[in-house]
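Colleague: Next up is a structure, given as C-alpha cells.
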Amino acid sequence: MNLTEAPGGRGPAAAGLTACGTAEHSDAIILFGPTGDLARKKLFPALYDLALAGRLNVPIVGVASSDWTLEQLCDRVRSSLEEEVDGALDHDAVGCIVDRLSYVSGNYGDADTFGRVSAALDGATAPLAYLAIPPSLFETVVKGLDDIGANQAGRVVVEKPFGRDLASARELNATLNSSYDDEQIFRIDHFLGKEPTLDLLVFRMANAMFHPAWDRHHIASVQITMAEDFGVEGRGRFYEEVGTIRDVVQNHLLQVLALIAMEPPIDTSARELAEEKMKVMRAMRTVDPNDVVRGQYDGYRGEDGVAGDSQVETYVALRAWVDSWRWAGVPFYIRAGKAMAVTATEVVVEFQNPAQMFYADPQAIRPHSNHLRFRMKPGEGVSLLVSVKGPGESIVSQAVDMRYEYDSTRDGPHQEAYARLIGDALRGDQTLFARAQSVEEAWRVVDPVVASAPAALPYAVGSWGPELHEDLRPDDLTRLMAATPDGGWHHPLLPDGGVSDVGVG
Ligand SMILES: NC(=O)C1=CN([C@@H]2O[C@H](COP(=O)(O)OP(=O)(O)OC[C@H]3O[C@@H](n4cnc5c(N)ncnc54)[C@H](OP(=O)(O)O)[C@@H]3O)[C@@H](O)[C@H]2O)C=CC1
Ligand SMILES: O=C1O[C@H](COP(=O)(O)O)[C@@H](O)[C@H](O)[C@H]1O
C-alpha cells in the first residue's frame, strides 16, 4: 500500500517467490485494452504516478486489436498524460513508461495473438495481466494467458463490473479459478484505493471516542451519496448494459458500506480485513424491491448508444439493512446518480438525538443531531456536526461543523487510487481488492433489484433525482418514501461550504 517502497527487480528469480509460488514482485505488465477509455483516463496516469515514485521497473506489453504501431501507442500515452495530469509533465517519468512499452496488435480470440504476447514478454515469467477490456472477453483472455503459461507465476487484475448478477459472478470466479489461484486474482474496485475510503478505516480504528457509539444504540442512520453532475459522457452503450446499480452500487458503494459497518479486525492484514467485510456482506439483507427507487434523467434516451425506450436507471436510491447484533434496525440509505445537482460522494453517519432537546432552536426545520461526514469528492475531508450555544442572549443551540480538509495538511502529490492499487497488485498485496465471496454476496444483496426492478421515474437534469409529486403512482410513492431517510437526505457539503445542509430537510 506504500508508493515509496522499494521496487521489485526484474524476473521472479530476482524478486523471490511467495509461499504460493508467485513472484514477490511481478516482472512484467500485460495491459489488455491499452487503446481503450480506461487506459487513457486512469491507467496511463497511474503508471505515470508509479514512474514518478520510482516504482515502475517492469516492461509493459499492450495488447489490443487496433492496427497501431508502437509509436501510436506511445503518442496515446503522452496525450493521455497531457489531458489527465495536473501541471507540467515530468519527462523522465513519461520516458519511463514509453521506454518500457511494447505493443502486440491482435484479436484476443486468435491463439496467434498470445504467441506474440509470449514473445513480447521476452523471458518474463510472472506477468501481471490487467484486463481493461469488455467483461465478455475475460474468459477468452484468461484462456489465452493459460495457453502461454502466463498464469502460472503471474497475477491477473479484473476490472468491474465483476459479472452482471450472482450467477454470472459465480461463473466468472470459476473461470478465473480454472487458471489462477485466489492469491493471484485482483478484483479491482478503485474506490478501495481512494484516500478518504481508507480514512473510513483509520478514523474508525484510531479514534477510541467513537467506538462505544458505533452501533444501533447511538446511530440513527447511515446515508451514502454518490452524485455526479454529468451524464453518461459518451459511454451510453456501456451504461445501457449496466445501469447505476451494477455500475456503482453493487461494487463501490457496498464496499464503502462494509467499511463503515464492519467489526474492528484483529489485525490489519488483508485476510482479517477481508473476513470482517465479508461478515457485513453476509449479514446484509437482500434488498427489497419496495425499498428501491430508480430514476432516469431527462434526455438520457437521446444519448449515443442508448435505446429510445430505455428503462435503464441513471439514478437509484435504496434502503438496506445489516442484520447483525451491532446494526439491527439501523437503515443504511444509498443514493447514486448521473446528471444530478452537484458532483459529490460522501458518507453521513447520523447519530441519535439526545433524550431531551432542551435547547433546540424552535425555528429549525429539524433538530440537529450529531453527524460525522466523510467527504470523498469533491475535495476530501471529514467533519463532525455538533451543537453549541448560539451567540447572543437566548439560550438556544446552534449547529456547527468541525472540519478537516485533507489538502490542508497534504505534503506532496495526491496519490490516485489506480496507482496505489496497481502498485499493490504488482507486489501481490490483496488488502485493497475485493474477494470472490464478498463480490458474490454483494450481488446476492442487489440481485432481486437488478433482475426485476420497478420502472425508472424521470427526473430533471441538475436535480436530486425523482421528486415527490401528486401524480406519482401509489407504489412509486411508497418506494420513494422508503428510500428516503426520515427527515430527508443530508445534502452534500462542498469544500468551500457552498451547500450546507444544516437544518435542511
Ligand atoms: N472507462 C471507464 O471509465 C471505466 C471502465 N471500467 C471497465 O474497464 C474495462 C474497459 O473499459 P473501457 O476502457 O471503457 O473499454 P473500451 O471499449 O474503451 O476499450 C476496450 C479495449 O479492449 C480492446 N478490445 C476489445 N475487444 C477486443 C478484441 N476482441 N481483441 C483485441 N482487443 C480488443 C479494445 O481494443 P481496440 O479498440 O484496439 O479494439 C480496447 O483497447 C471494462 O471492463 C469496463 O467496465 C471500469 C471503470 C471505469
Ligand atoms: O466506476 C465508475 O466510477 C466513476 C466515478 O469514479 P470517481 O472516482 O471519478 O468518483 C463513475 O463515473 C463511472 O460511471 C463508474 O463506472
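Glycine too: its Cβ is placed from the backbone N, Cα and C atoms.
OK, TrEMBL features for this one:
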- 30-195: domain 'Glucose-6-phosphate dehydrogenase NAD-binding' (DOMAIN)
- Ser65, Lys160: NADP(+) binding site (BINDING)
- His190, Lys194, Glu228, Asp247, Lys338: substrate binding site (BINDING)
- 201-472: domain 'Glucose-6-phosphate dehydrogenase C-terminal' (DOMAIN)
- His252: active site, proton acceptor (ACT_SITE)
Colleague: Among Ser65, Lys160, Lys194, Glu228, Asp247, please name the binding-site residues whose Cβ is nearer than 6 Å to ligand 1.
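Modeller: What lies within reach of ligand 1, judged by Cβ under 6 Å, is Ser65, Lys160.
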Colleague: Please report how many Å separate the Cα atom of Lys338 (substrate binding site) from that of the residue listed as 'active site, proton acceptor', as a whole number.
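Modeller: If we compare the Cα positions of Lys338 (substrate binding site) and the residue listed as 'active site, proton acceptor', the gap is 15 Å.
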Colleague: Say you check the Cα of Glu228 (substrate binding site) against those of the recorded positions Ser65, Lys160, His252; which is nearest?
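Modeller: When the Cα distances are compared, His252 comes out closest.
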Colleague: List those of the binding-site residues Ser65, Asp247, Lys338 whose Cβ lies under 6 Å from any atom of ligand 2, in sequence order, or write none if there are none.
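Modeller: Cβ under 6 Å from ligand 2: Asp247.
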Colleague: With H, G and I counted as helix, E and B as strand and the rest as coil, say where DSSP puts Ser65 (NADP(+) binding site).
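Modeller: The three-state answer is coil.
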Colleague: Relative to the Cβ position of Lys194 (substrate binding site), how many further Cβ atoms are located within 10 Å?
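Modeller: Here the count is 24.
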Colleague: Would you kindly give the Cα-Cα distance separating Lys160 (NADP(+) binding site) and His190 (substrate binding site), rounded to the nearest Å?
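Modeller: Cα to Cα, His190 (substrate binding site) and Lys160 (NADP(+) binding site) are separated by 9 Å.
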Colleague: Would you mind pulling the DSSP three-state label for His190 (substrate binding site)?
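Modeller: Note: His190 (substrate binding site) is helical by DSSP.
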Colleague: Does DSSP put Glu228 (substrate binding site) in a helix, in a strand, or in coil?
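Modeller: Glu228 (substrate binding site) sits in coil per DSSP, no helix or strand.
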Colleague: If one looks at the chain holding Asp247 (substrate binding site), which residues at least 6 apart in sequence have a CB under 8 angstroms from its CB?
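Modeller: Listed in sequence order: Pro161, Tyr239.
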Colleague: Among the recorded positions Lys160, His190, His252, Lys338, which residue has the largest number of other Cβ atoms within 10 Å of its own Cβ?
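Modeller: That would be Lys338, with the most Cβ atoms nearby.
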Colleague: Among Ser65, Glu228, all listed as binding-site residues, which has the most CB atoms within 10 Å of its CB?
Modeller: Glu228
Colleague: Which whole number is the mean pLDDT over the domain 'Glucose-6-phosphate dehydrogenase NAD-binding' (30-195)?
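Modeller: Computed over the domain 'Glucose-6-phosphate dehydrogenase NAD-binding' (30-195), the mean pLDDT is 97 on the 0 to 100 scale.
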